[in-house]
Amino acid sequence: MEALGAHPCMVTTAVTAQNNQQVIAINPLNYEQIHSQFEALKTVFPATAIKVGMIPTLEAFQAVMDFVKGYEGSVIVDPVLASSSGKPLVDDGVTKRFSSLLPKIRLITPNIPELSLLTGLSVTDESSIKKAANRLIELGASAVLVKGGHADNVIGASPKYVHDYFVSAEQSFWLHNKKQKTINTRGTGCVLASAITAALAHNYSLEDAVVLGKMLLNQGLRHGYSLVGEPDLQKGPLKPLNWPSETRDVPLLTATMDEPVSYQFPACTELGELGLYPVVDRASWLERLLPLGVTTIQLRVKDLTGDALEQEIVEAVSIAKKYAARLFINDYWQLAIKHQAYGVHLGQEDLAEADLSAIAQAGLRLGLSTHCYYEVARAHAIKPSYLACGPVYHTDSKDMPWIPHGIDNLMKWMDLLPDYPWVAIGGINLERFPEVVQTKVSGVAMISAITQADDPEAVTKTMMAMFDHG
(Lines of atoms letter the chains of each structure in order from A and count residues from 1; the text may use other names and numbers.)
(Lines give C-alpha, C1' and ligand atoms only; values in the text may rest on other atoms or scores of the structure.)
Protein backbone atom coordinates (compact mmCIF):
# COMPACT_ATOMS: atom_id res chain seq x y z
CA MET A 1 0.00 0.00 0.00
CA GLU A 2 2.82 2.40 0.83
CA ALA A 3 4.32 1.79 -2.63
CA LEU A 4 1.12 3.26 -4.10
CA GLY A 5 1.07 6.21 -1.73
CA ALA A 6 -1.57 4.89 0.68
CA HIS A 7 -1.35 4.81 4.49
CA PRO A 8 -2.40 1.38 5.80
CA CYS A 9 -4.09 0.89 9.18
CA MET A 10 -4.51 -2.63 10.53
CA VAL A 11 -7.35 -4.46 12.23
CA THR A 12 -6.09 -7.80 13.51
CA THR A 13 -8.47 -10.77 13.50
CA ALA A 14 -6.00 -13.40 14.72
CA VAL A 15 -2.43 -13.84 15.90
CA THR A 16 -0.82 -16.63 13.92
CA ALA A 17 2.31 -18.58 14.74
CA GLN A 18 3.87 -19.31 11.37
CA ASN A 19 7.05 -19.22 9.33
CA ASN A 20 7.76 -19.53 5.63
CA GLN A 21 7.10 -23.28 5.77
CA GLN A 22 4.02 -23.81 7.91
CA VAL A 23 1.33 -22.39 10.17
CA ILE A 24 1.85 -23.77 13.67
CA ALA A 25 -1.08 -22.13 15.44
CA ILE A 26 -3.98 -19.71 14.88
CA ASN A 27 -5.04 -17.62 17.86
CA PRO A 28 -8.26 -15.80 16.93
CA LEU A 29 -9.38 -12.58 18.59
CA ASN A 30 -12.92 -12.36 19.92
CA TYR A 31 -15.71 -10.08 18.69
CA GLU A 32 -15.04 -7.23 21.13
CA GLN A 33 -11.31 -7.18 20.43
CA ILE A 34 -11.92 -6.85 16.70
CA HIS A 35 -14.86 -4.44 17.04
CA SER A 36 -12.85 -2.09 19.27
CA GLN A 37 -10.12 -1.84 16.63
CA PHE A 38 -12.68 -0.84 14.01
CA GLU A 39 -14.05 1.79 16.37
CA ALA A 40 -10.60 3.21 17.11
CA LEU A 41 -9.78 3.62 13.43
CA LYS A 42 -13.23 4.92 12.50
CA THR A 43 -12.85 7.81 14.93
CA VAL A 44 -9.47 9.13 13.75
CA PHE A 45 -8.62 7.40 10.47
CA PRO A 46 -11.83 6.76 8.52
CA ALA A 47 -10.73 4.46 5.71
CA THR A 48 -11.36 5.34 2.07
CA ALA A 49 -11.09 1.65 1.16
CA ILE A 50 -10.74 -1.57 3.14
CA LYS A 51 -9.10 -4.90 2.36
CA VAL A 52 -10.43 -7.89 4.31
CA GLY A 53 -8.17 -10.92 4.61
CA MET A 54 -8.41 -13.89 6.94
CA ILE A 55 -11.67 -14.17 8.92
CA PRO A 56 -10.90 -17.15 11.17
CA THR A 57 -14.09 -17.54 13.23
CA LEU A 58 -17.77 -16.71 13.22
CA GLU A 59 -17.10 -14.06 15.89
CA ALA A 60 -14.59 -12.39 13.59
CA PHE A 61 -17.00 -12.74 10.68
CA GLN A 62 -19.75 -11.02 12.64
CA ALA A 63 -17.42 -8.17 13.63
CA VAL A 64 -16.53 -7.61 9.98
CA MET A 65 -20.18 -7.83 8.91
CA ASP A 66 -21.27 -5.32 11.54
CA PHE A 67 -18.67 -2.84 10.32
CA VAL A 68 -19.15 -3.13 6.56
CA LYS A 69 -22.96 -2.92 6.69
CA GLY A 70 -22.65 0.75 7.65
CA TYR A 71 -19.51 1.47 5.62
CA GLU A 72 -19.80 3.49 2.39
CA GLY A 73 -16.29 3.03 1.00
CA SER A 74 -14.88 0.22 -1.14
CA VAL A 75 -14.46 -3.19 0.50
CA ILE A 76 -12.10 -5.69 -1.14
CA VAL A 77 -12.11 -9.26 0.15
CA ASP A 78 -9.17 -11.60 -0.29
CA PRO A 79 -10.77 -14.84 0.94
CA VAL A 80 -7.78 -16.34 2.72
CA LEU A 81 -9.16 -19.80 3.45
CA ALA A 82 -5.88 -21.73 3.71
CA SER A 83 -2.19 -20.97 4.15
CA SER A 84 0.38 -21.34 1.37
CA SER A 85 1.34 -24.64 3.00
CA GLY A 86 -2.28 -25.84 2.81
CA LYS A 87 -3.39 -25.46 6.43
CA PRO A 88 -7.05 -24.37 6.82
CA LEU A 89 -7.24 -20.88 8.35
CA VAL A 90 -10.99 -20.47 8.87
CA ASP A 91 -13.76 -22.38 10.57
CA ASP A 92 -16.21 -24.29 8.37
CA GLY A 93 -18.99 -22.04 9.59
CA VAL A 94 -17.28 -18.99 8.09
CA THR A 95 -17.02 -20.60 4.66
CA LYS A 96 -20.71 -21.53 4.77
CA ARG A 97 -21.73 -17.96 5.66
CA PHE A 98 -19.34 -16.23 3.26
CA SER A 99 -22.04 -15.59 0.67
CA SER A 100 -23.82 -13.23 3.09
CA LEU A 101 -20.78 -10.93 2.93
CA LEU A 102 -20.74 -10.72 -0.88
CA PRO A 103 -23.45 -8.04 -1.32
CA LYS A 104 -21.47 -5.72 0.97
CA ILE A 105 -18.24 -5.73 -1.02
CA ARG A 106 -16.94 -4.22 -4.24
CA LEU A 107 -14.52 -6.99 -5.24
CA ILE A 108 -13.58 -10.49 -4.13
CA THR A 109 -10.22 -11.98 -5.22
CA PRO A 110 -10.26 -15.79 -4.86
CA ASN A 111 -7.63 -18.07 -6.31
CA ILE A 112 -8.87 -21.14 -8.14
CA PRO A 113 -9.04 -23.48 -5.10
CA GLU A 114 -10.86 -20.76 -3.13
CA LEU A 115 -13.25 -20.14 -6.02
CA SER A 116 -14.11 -23.83 -6.10
CA LEU A 117 -14.58 -23.99 -2.32
CA LEU A 118 -16.80 -20.89 -2.17
CA THR A 119 -19.06 -21.99 -5.03
CA GLY A 120 -19.00 -25.77 -4.69
CA LEU A 121 -18.17 -25.98 -8.40
CA SER A 122 -15.35 -27.81 -10.13
CA VAL A 123 -12.93 -25.38 -11.81
CA THR A 124 -10.90 -27.01 -14.56
CA ASP A 125 -10.93 -24.77 -17.65
CA GLU A 126 -11.87 -21.33 -19.00
CA SER A 127 -15.56 -22.12 -19.14
CA SER A 128 -15.74 -23.41 -15.57
CA ILE A 129 -13.73 -20.42 -14.28
CA LYS A 130 -16.31 -18.12 -15.85
CA LYS A 131 -19.21 -20.20 -14.53
CA ALA A 132 -17.89 -20.21 -10.96
CA ALA A 133 -17.03 -16.50 -11.02
CA ASN A 134 -20.51 -15.69 -12.30
CA ARG A 135 -21.92 -17.82 -9.50
CA LEU A 136 -20.34 -15.38 -7.01
CA ILE A 137 -21.95 -12.52 -8.96
CA GLU A 138 -25.31 -14.29 -8.65
CA LEU A 139 -24.73 -14.59 -4.90
CA GLY A 140 -24.32 -10.82 -4.63
CA ALA A 141 -20.70 -9.94 -5.42
CA SER A 142 -20.31 -6.75 -7.47
CA ALA A 143 -17.13 -8.00 -9.13
CA VAL A 144 -14.78 -10.98 -9.01
CA LEU A 145 -11.08 -11.25 -9.83
CA VAL A 146 -10.01 -14.89 -10.13
CA LYS A 147 -6.27 -15.07 -9.49
CA GLY A 148 -4.42 -17.37 -11.87
CA GLY A 149 -1.44 -18.32 -9.75
CA HIS A 150 -2.87 -21.79 -9.09
CA ALA A 151 -3.85 -22.48 -12.70
CA ASP A 152 -1.14 -24.97 -13.67
CA ASN A 153 -3.74 -27.74 -13.98
CA VAL A 154 -6.34 -25.61 -15.75
CA ILE A 155 -7.01 -26.91 -19.25
CA GLY A 156 -5.99 -24.37 -21.89
CA ALA A 157 -3.76 -22.28 -19.62
CA SER A 158 -0.49 -21.23 -21.24
CA PRO A 159 2.70 -22.49 -19.58
CA LYS A 160 4.24 -19.06 -20.28
CA TYR A 161 1.55 -16.82 -18.78
CA VAL A 162 -0.40 -16.25 -15.59
CA HIS A 163 -4.06 -15.67 -16.50
CA ASP A 164 -6.39 -13.70 -14.20
CA TYR A 165 -10.11 -13.37 -14.89
CA PHE A 166 -12.19 -10.29 -14.00
CA VAL A 167 -15.97 -10.17 -14.21
CA SER A 168 -18.61 -7.70 -13.06
CA ALA A 169 -22.18 -6.95 -14.06
CA GLU A 170 -20.82 -4.57 -16.72
CA GLN A 171 -17.94 -6.45 -18.34
CA SER A 172 -15.37 -9.21 -18.20
CA PHE A 173 -11.76 -9.57 -19.33
CA TRP A 174 -8.57 -11.57 -18.84
CA LEU A 175 -5.20 -10.24 -17.71
CA HIS A 176 -2.03 -11.98 -18.86
CA ASN A 177 1.50 -11.61 -17.52
CA LYS A 178 4.52 -13.70 -18.37
CA LYS A 179 5.46 -16.03 -15.53
CA GLN A 180 8.50 -15.07 -13.49
CA LYS A 181 10.98 -17.70 -12.36
CA THR A 182 11.20 -17.13 -8.63
CA ILE A 183 10.67 -19.04 -5.40
CA ASN A 184 9.85 -15.84 -3.53
CA THR A 185 6.09 -15.87 -3.84
CA ARG A 186 4.90 -15.57 -0.26
CA GLY A 187 2.09 -13.06 0.07
CA THR A 188 1.14 -12.72 -3.59
CA GLY A 189 -2.61 -12.69 -2.97
CA CYS A 190 -2.29 -10.25 -0.09
CA VAL A 191 -0.09 -7.88 -2.10
CA LEU A 192 -2.50 -7.92 -5.05
CA ALA A 193 -5.62 -7.25 -2.97
CA SER A 194 -3.84 -4.58 -0.93
CA ALA A 195 -2.57 -2.82 -4.05
CA ILE A 196 -6.06 -2.81 -5.57
CA THR A 197 -7.40 -1.34 -2.34
CA ALA A 198 -4.74 1.38 -2.35
CA ALA A 199 -5.58 2.30 -5.95
CA LEU A 200 -9.27 2.53 -5.07
CA ALA A 201 -8.35 4.83 -2.19
CA HIS A 202 -6.86 7.13 -4.87
CA ASN A 203 -10.26 7.10 -6.65
CA TYR A 204 -9.16 4.96 -9.59
CA SER A 205 -11.91 2.96 -11.24
CA LEU A 206 -12.13 -0.69 -10.22
CA GLU A 207 -10.79 -1.82 -13.60
CA ASP A 208 -7.84 0.58 -13.35
CA ALA A 209 -7.19 -0.53 -9.77
CA VAL A 210 -7.05 -4.18 -10.84
CA VAL A 211 -4.52 -3.37 -13.58
CA LEU A 212 -2.43 -1.29 -11.17
CA GLY A 213 -2.59 -4.08 -8.62
CA LYS A 214 -1.23 -6.55 -11.15
CA MET A 215 1.55 -4.14 -12.08
CA LEU A 216 2.64 -3.77 -8.46
CA LEU A 217 2.45 -7.54 -7.94
CA ASN A 218 4.72 -8.11 -10.95
CA GLN A 219 7.19 -5.57 -9.62
CA GLY A 220 7.10 -7.16 -6.17
CA LEU A 221 7.77 -10.63 -7.58
CA ARG A 222 10.77 -9.34 -9.49
CA HIS A 223 12.28 -7.75 -6.39
CA GLY A 224 11.35 -10.48 -3.91
CA TYR A 225 14.19 -11.90 -1.86
CA SER A 226 15.22 -15.30 -0.55
CA LEU A 227 15.96 -16.18 3.05
CA VAL A 228 19.18 -17.76 4.30
CA GLY A 229 19.32 -21.42 5.19
CA GLU A 230 18.80 -24.74 3.47
CA PRO A 231 17.46 -24.57 -0.11
CA ASP A 232 13.99 -25.77 0.88
CA LEU A 233 13.78 -23.06 3.56
CA GLN A 234 14.74 -20.07 1.38
CA LYS A 235 11.30 -19.17 -0.02
CA GLY A 236 10.85 -15.48 0.76
CA PRO A 237 8.35 -12.66 0.34
CA LEU A 238 7.59 -10.18 -2.41
CA LYS A 239 9.10 -6.72 -2.25
CA PRO A 240 7.03 -3.98 -3.94
CA LEU A 241 9.13 -0.82 -4.15
CA ASN A 242 7.21 2.11 -5.62
CA TRP A 243 4.59 3.16 -8.13
CA PRO A 244 5.04 0.69 -11.03
CA SER A 245 6.52 2.35 -14.10
CA GLU A 246 8.02 -0.38 -16.29
CA THR A 247 6.57 -1.85 -19.47
CA ARG A 248 7.24 -5.43 -18.38
CA ASP A 249 4.85 -5.01 -15.45
CA VAL A 250 1.87 -3.96 -17.59
CA PRO A 251 -0.56 -6.87 -18.04
CA LEU A 252 -2.00 -7.71 -21.43
CA LEU A 253 -5.79 -7.34 -21.33
CA THR A 254 -7.88 -9.48 -23.67
CA ALA A 255 -11.35 -11.00 -23.97
CA THR A 256 -10.32 -14.66 -23.61
CA MET A 257 -7.87 -16.87 -21.72
CA ASP A 258 -6.03 -17.64 -24.96
CA GLU A 259 -2.41 -16.56 -25.15
CA PRO A 260 -2.37 -12.96 -26.47
CA VAL A 261 -2.05 -12.64 -30.25
CA SER A 262 0.64 -10.46 -31.82
CA TYR A 263 -0.95 -8.60 -34.74
CA GLN A 264 2.31 -7.01 -35.91
CA PHE A 265 0.95 -3.72 -37.18
CA PRO A 266 3.46 -1.76 -39.28
CA ALA A 267 5.36 1.14 -37.74
CA CYS A 268 4.16 4.65 -38.50
CA THR A 269 7.30 6.71 -37.93
CA GLU A 270 9.24 5.80 -41.08
CA LEU A 271 8.78 9.42 -42.21
CA GLY A 272 9.87 10.74 -38.83
CA GLU A 273 7.76 11.62 -35.80
CA LEU A 274 4.05 12.05 -36.37
CA GLY A 275 4.29 15.79 -35.70
CA LEU A 276 1.30 18.11 -35.90
CA TYR A 277 -1.68 15.80 -36.40
CA PRO A 278 -4.86 17.61 -37.52
CA VAL A 279 -8.16 15.74 -37.11
CA VAL A 280 -10.63 16.91 -39.77
CA ASP A 281 -14.12 16.02 -40.98
CA ARG A 282 -13.80 16.50 -44.74
CA ALA A 283 -11.32 15.56 -47.44
CA SER A 284 -11.17 19.20 -48.54
CA TRP A 285 -9.16 19.95 -45.40
CA LEU A 286 -6.35 17.77 -46.73
CA GLU A 287 -5.98 20.05 -49.77
CA ARG A 288 -5.66 23.01 -47.40
CA LEU A 289 -3.29 21.54 -44.81
CA LEU A 290 -1.05 18.99 -46.52
CA PRO A 291 0.58 21.55 -48.88
CA LEU A 292 1.77 23.37 -45.74
CA GLY A 293 3.95 20.41 -44.78
CA VAL A 294 1.60 18.45 -42.52
CA THR A 295 2.65 14.79 -42.78
CA THR A 296 0.01 13.13 -40.57
CA ILE A 297 -3.73 13.73 -40.65
CA GLN A 298 -6.93 11.96 -39.60
CA LEU A 299 -10.28 11.93 -41.36
CA ARG A 300 -13.01 11.74 -38.73
CA VAL A 301 -16.45 11.90 -40.35
CA LYS A 302 -19.48 11.69 -38.08
CA ASP A 303 -22.30 13.05 -40.24
CA LEU A 304 -22.13 11.00 -43.47
CA THR A 305 -23.16 7.46 -44.36
CA GLY A 306 -23.31 5.20 -47.40
CA ASP A 307 -21.97 6.44 -50.73
CA ALA A 308 -21.31 9.96 -49.45
CA LEU A 309 -19.08 8.62 -46.67
CA GLU A 310 -17.23 6.28 -49.00
CA GLN A 311 -16.63 9.01 -51.56
CA GLU A 312 -15.20 11.27 -48.84
CA ILE A 313 -12.74 8.53 -47.86
CA VAL A 314 -11.81 7.81 -51.49
CA GLU A 315 -11.05 11.49 -52.06
CA ALA A 316 -9.04 11.79 -48.84
CA VAL A 317 -6.93 8.73 -49.66
CA SER A 318 -6.18 10.11 -53.12
CA ILE A 319 -5.10 13.51 -51.76
CA ALA A 320 -2.97 11.95 -49.02
CA LYS A 321 -1.13 9.76 -51.52
CA LYS A 322 -0.46 12.79 -53.72
CA TYR A 323 1.37 14.44 -50.82
CA ALA A 324 2.85 11.18 -49.41
CA ALA A 325 1.06 11.89 -46.14
CA ARG A 326 0.01 9.49 -43.39
CA LEU A 327 -3.79 9.43 -43.49
CA PHE A 328 -5.61 7.64 -40.68
CA ILE A 329 -9.32 6.93 -41.15
CA ASN A 330 -11.29 7.19 -37.91
CA ASP A 331 -13.59 4.20 -37.19
CA TYR A 332 -14.38 3.04 -40.74
CA TRP A 333 -11.78 0.31 -40.99
CA GLN A 334 -13.57 -1.66 -43.73
CA LEU A 335 -13.50 1.35 -46.07
CA ALA A 336 -9.93 2.13 -45.07
CA ILE A 337 -8.91 -1.39 -46.11
CA LYS A 338 -10.99 -1.27 -49.30
CA HIS A 339 -9.41 1.98 -50.48
CA GLN A 340 -5.90 1.31 -49.14
CA ALA A 341 -5.59 4.13 -46.65
CA TYR A 342 -2.36 4.47 -44.71
CA GLY A 343 -3.96 3.60 -41.39
CA VAL A 344 -6.97 3.40 -39.10
CA HIS A 345 -7.64 5.08 -35.78
CA LEU A 346 -10.00 3.33 -33.38
CA GLY A 347 -11.48 4.24 -30.05
CA GLN A 348 -11.71 1.64 -27.30
CA GLU A 349 -15.44 1.30 -27.93
CA ASP A 350 -14.68 0.18 -31.50
CA LEU A 351 -12.35 -2.70 -30.62
CA ALA A 352 -15.04 -5.30 -29.99
CA GLU A 353 -16.39 -4.95 -33.53
CA ALA A 354 -13.20 -4.30 -35.49
CA ASP A 355 -11.41 -7.14 -37.31
CA LEU A 356 -7.89 -6.40 -36.13
CA SER A 357 -6.43 -9.33 -38.07
CA ALA A 358 -7.92 -7.98 -41.30
CA ILE A 359 -6.50 -4.51 -40.63
CA ALA A 360 -3.04 -5.94 -39.93
CA GLN A 361 -3.11 -8.31 -42.91
CA ALA A 362 -4.01 -5.39 -45.18
CA GLY A 363 -0.82 -3.66 -44.05
CA LEU A 364 -2.60 -0.71 -42.44
CA ARG A 365 -1.21 1.08 -39.42
CA LEU A 366 -3.37 1.22 -36.31
CA GLY A 367 -3.73 4.02 -33.80
CA LEU A 368 -5.65 3.48 -30.55
CA SER A 369 -7.12 5.94 -28.06
CA THR A 370 -6.33 5.41 -24.38
CA HIS A 371 -7.58 7.27 -21.32
CA CYS A 372 -6.72 5.09 -18.31
CA TYR A 373 -4.73 2.07 -17.07
CA TYR A 374 -7.41 -0.40 -18.15
CA GLU A 375 -7.38 0.94 -21.70
CA VAL A 376 -3.58 1.11 -21.82
CA ALA A 377 -3.38 -2.58 -20.84
CA ARG A 378 -5.97 -3.43 -23.49
CA ALA A 379 -4.12 -1.47 -26.16
CA HIS A 380 -0.74 -2.91 -25.12
CA ALA A 381 -2.08 -6.42 -25.78
CA ILE A 382 -2.88 -5.37 -29.37
CA LYS A 383 0.45 -3.58 -29.95
CA PRO A 384 -0.80 -0.87 -32.32
CA SER A 385 1.34 1.46 -34.41
CA TYR A 386 0.77 4.36 -32.01
CA LEU A 387 -1.11 5.19 -28.82
CA ALA A 388 -3.09 8.36 -28.18
CA CYS A 389 -3.32 9.80 -24.67
CA GLY A 390 -6.16 12.09 -23.76
CA PRO A 391 -7.68 14.28 -22.79
CA VAL A 392 -4.54 16.18 -21.82
CA TYR A 393 -6.71 19.19 -20.96
CA HIS A 394 -10.45 19.72 -20.69
CA THR A 395 -12.09 19.48 -24.09
CA ASP A 396 -15.54 20.09 -25.54
CA SER A 397 -14.81 18.20 -28.78
CA LYS A 398 -16.56 15.11 -27.40
CA ASP A 399 -18.13 13.97 -24.13
CA MET A 400 -15.54 12.27 -21.94
CA PRO A 401 -15.89 10.90 -18.40
CA TRP A 402 -12.15 11.11 -17.73
CA ILE A 403 -10.40 13.76 -15.71
CA PRO A 404 -7.84 15.61 -17.89
CA HIS A 405 -4.40 14.00 -17.59
CA GLY A 406 -2.24 17.10 -17.67
CA ILE A 407 1.37 17.19 -18.79
CA ASP A 408 2.70 15.09 -15.88
CA ASN A 409 0.43 12.15 -16.63
CA LEU A 410 1.13 12.40 -20.36
CA MET A 411 4.82 12.00 -19.57
CA LYS A 412 4.02 9.13 -17.18
CA TRP A 413 2.30 7.19 -19.97
CA MET A 414 5.19 7.91 -22.34
CA ASP A 415 7.68 6.62 -19.75
CA LEU A 416 5.56 3.54 -18.99
CA LEU A 417 5.39 2.41 -22.63
CA PRO A 418 8.32 4.16 -24.33
CA ASP A 419 8.44 1.84 -27.36
CA TYR A 420 5.21 3.29 -28.77
CA PRO A 421 4.89 6.64 -30.55
CA TRP A 422 2.49 8.67 -28.38
CA VAL A 423 -0.03 11.22 -29.61
CA ALA A 424 -1.35 13.88 -27.23
CA ILE A 425 -4.96 14.93 -27.74
CA GLY A 426 -7.67 16.89 -25.98
CA GLY A 427 -8.00 20.55 -25.08
CA ILE A 428 -4.68 21.56 -26.67
CA ASN A 429 -4.70 25.09 -28.07
CA LEU A 430 -2.08 27.48 -29.41
CA GLU A 431 -1.15 28.68 -25.91
CA ARG A 432 -0.74 25.16 -24.50
CA PHE A 433 0.95 23.73 -27.58
CA PRO A 434 4.57 24.56 -26.58
CA GLU A 435 4.44 22.73 -23.22
CA VAL A 436 2.96 19.66 -24.91
CA VAL A 437 5.68 19.65 -27.56
CA GLN A 438 8.36 19.91 -24.86
CA THR A 439 7.39 16.43 -23.61
CA LYS A 440 8.91 15.05 -26.86
CA VAL A 441 5.60 13.39 -27.69
CA SER A 442 5.60 11.96 -31.23
CA GLY A 443 2.43 13.72 -32.32
CA VAL A 444 -0.04 16.36 -31.19
CA ALA A 445 -3.60 15.89 -32.43
CA MET A 446 -5.50 19.12 -33.04
CA ILE A 447 -9.18 19.48 -33.82
CA SER A 448 -11.01 22.73 -33.09
CA ALA A 449 -7.83 24.79 -32.58
CA ILE A 450 -7.28 24.40 -36.33
CA THR A 451 -10.69 23.75 -37.87
CA GLN A 452 -12.43 26.56 -35.95
CA ALA A 453 -9.61 29.09 -36.24
CA ASP A 454 -10.14 32.33 -38.15
CA ASP A 455 -7.08 31.47 -40.23
CA PRO A 456 -6.50 27.69 -40.07
CA GLU A 457 -3.50 27.81 -42.39
CA ALA A 458 -1.72 30.44 -40.28
CA VAL A 459 -2.38 28.49 -37.05
CA THR A 460 -1.11 25.31 -38.71
CA LYS A 461 2.11 26.99 -39.83
CA THR A 462 2.68 28.43 -36.35
CA MET A 463 2.17 25.06 -34.67
CA MET A 464 4.42 23.29 -37.15
CA ALA A 465 7.16 25.80 -36.43
CA MET A 466 6.72 25.22 -32.69
CA PHE A 467 6.96 21.47 -33.22
CA ASP A 468 10.12 21.82 -35.29
CA HIS A 469 11.76 23.86 -32.53
CA GLY A 470 10.32 21.87 -29.61
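Including glycine, each Cβ sits where the backbone N, Cα and C put it.
Taken from TrEMBL as is:
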BINDING   Gln298, Leu299, Arg300, Val301, Lys302, Asn330, Ser369, Lys398  4-amino-2-methyl-5-(diphosphooxymethyl)pyrimidine binding site
BINDING   Asp331, Asp350  Mg(2+) binding site
DOMAIN    1-226  domain 'Pyridoxamine kinase/Phosphomethylpyrimidine kinase'
DOMAIN    282-450  domain 'Thiamine phosphate synthase/TenI'
Cα of Val301 (4-amino-2-methyl-5-(diphosphooxymethyl)pyrimidine binding site) to Cα of Asp331 (Mg(2+) binding site), in Å and rounded, measures 9
Between the Cα atoms of Leu299 (4-amino-2-methyl-5-(diphosphooxymethyl)pyrimidine binding site) and Asp350 (Mg(2+) binding site), find the distance and write it as a whole number of Å. 16
Arg300, Lys302: which of these binding-site residues has the highest Cβ count within 10 Å of its own Cβ? Arg300
When you measure from the Cβ of Ser369 (4-amino-2-methyl-5-(diphosphooxymethyl)pyrimidine binding site), which residues in the chain that are at least 6 apart have a Cβ under 8 Å away? His345, Leu346, Gly347, Gln348, Glu375, Ala388, Gly390, Ile425
Only counting partners 6 or more residues apart, tell me which same-chain residues put their Cβ under 8 Å from the Cβ of Asp350 (Mg(2+) binding site). Asp331, Trp333
CB contacts under 8 angstroms to Asn330 (4-amino-2-methyl-5-(diphosphooxymethyl)pyrimidine binding site), restricted to the same chain and 6+ apart in sequence, sorted by sequence, are Val279, Gln298, Leu299, Arg300, Val301, Val344, His345, Leu346
Which residue among the binding-site residues Leu299, Val301 has the fewest other Cβ atoms within 10 Å of its Cβ, if you could check? Val301
Note the mean pLDDT of the domain 'Pyridoxamine kinase/Phosphomethylpyrimidine kinase' (1-226), expressed as a whole number. 93
Neighbour count check, CB within 10 A, over binding-site residues Gln298, Asp331; minimum at Asp331
